[in-house]
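Annotated in TrEMBL:
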type	residues	note
REGION	1-214	region 'Phosphopantothenoylcysteine decarboxylase'
DOMAIN	30-199	domain 'Flavoprotein'
DOMAIN	210-418	domain 'DNA/pantothenate metabolism flavoprotein C-terminal'
REGION	215-420	region 'Phosphopantothenate--cysteine ligase'
BINDING	ASP303, LYS313, PRO329, ASP330, ILE331, LEU332, PHE347, LYS361, LYS365	CTP binding site
Amino acid sequence: MISFLLCFLLLILVQYGYYIQEAGTVKNLHVAVYVTGGIAAYKAAFFVRELIKKGAHVKVALTRSAEGFITPLTFGTLSRNHVYTDQEKNDGIVPHIELSDWSDIAVVIPATANIIAKMTSGIADDFTTSALLASSCPKFVIPAMNEKMYFNPATQRNLAQLHKDSVFVLEPDSGFLAEGYEGKGRLPKISRIVSWIEKKVQNFSLKQDLYGKKILITAGRTVEPIDPVRYITNHSTGKMGFALAKNAVARGGKVILVAGPTDLKIETGATLIQVQTTAQMDEVVEHYFSEMDIVIMAAAVSDYRVEKPAAQKIKKHSEKMSLSLIKNPDILLKLGTKKQKQLLVGFAAETQHLLSNATKKMKEKNVDLLVANDVSRSDIGFGSDQNEVTFLQPDKKPRLIKKTSKEEIAEKIFDMLLSK
């Protein structure tokens, strides 16, 4: 009865012109909305209405349990599109792949503890989970559940994993719950949800010139153990690599981000693979290299590692201690000798003779673009949000990019590659 009345009310609003479109950052975006079986499922109808008011193209999928709270008719009326359920017929197409390929972004609202656990585990046992697993677009998850379920360690672990998987998660509100008491777990106001998504989407480029391109980016530092407590590393934070990944995703690329240890909040929309050592990074890059269209080695890797790391913490027994170091694999050099169709980008962090050292590296590593920067300056480089770099390409004059944000440098790197 509630679903019928809600549908009737929304039909009246549509009929009397409530749907005058507003300009918004979601305008013309293809938004897949996945509604799951929580008490807040009915609020998803108002969310769909707001998206359409702002000019988005919306398609909705309902889980079987969601249909117990609100009918497909409501969403079909609002979106003017077919509503996907578990009763889909395969008429020569695969419906969950069709929806996942159509989507620019995917939104799960409300996201129950059950759907969050399934997304974390890669379970595909119904239409919604299958479509989400097949989706390579940015995903937005809006949790809503009982407070005890939300704070259960299993749910918190699953939410942490979604963050690691570059899924955007909006924290629920506190307030009066369906169970009759105050607590955390309420679905946030629709206006807050839409505003949050719009802010994220603002970072997505309107240019889709990397659409369909497979891009691998390395970021941050690697660490080489001395013993279980100490290690060799450098000052790289990963900001440049993360900016590159964010820009590539915004332009439609399918991005794998291979990152060393970092304190950065991971919200890039890329597939994240975390590593520790140079050897681990080498192994991952080697595995994916042949599939890639563009590879950008922005990570600051350790050139040497300890030959025999100690199994136990080394104690202070003398005034001096010597470490035997051996050379790590030169990942960029290996890629330069193997590359065929790939565009390969390297970075050179120098403290002196910037152009001569960087030019030598560009030639030795056989890269298509080398990005050189002076890390001796305290106002740019490692840890800073800004940098000043020089682009070097074979048979071209060096191009100085004066001090600017790393996001702007990332934009210019892809512009340069696509102009080749």
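Quick reminder: no glycine exception, Cβ is built from N, Cα and C everywhere.
Comparing the binding-site residues ASP303, PHE347 on other C-beta atoms within 10 angstroms of each C-beta gives the minimum for ASP303. Proximity of PRO329 (CTP binding site) to non-local residues of its own chain (separation of 6 or more, Cβ distance below 8 Å) is seen for THR278, ALA279, ASP282, given in sequence order. Looking at ILE331, LYS365, the binding-site residues in this record, the fewest other C-beta atoms within 10 angstroms of the C-beta turn up around LYS365. Per the record's binding annotation for CTP, residues ASP303, LYS313, PRO329, ASP330, ILE331, LEU332, PHE347, LYS361, LYS365 show a top Cα-Cα distance of 37 Å.
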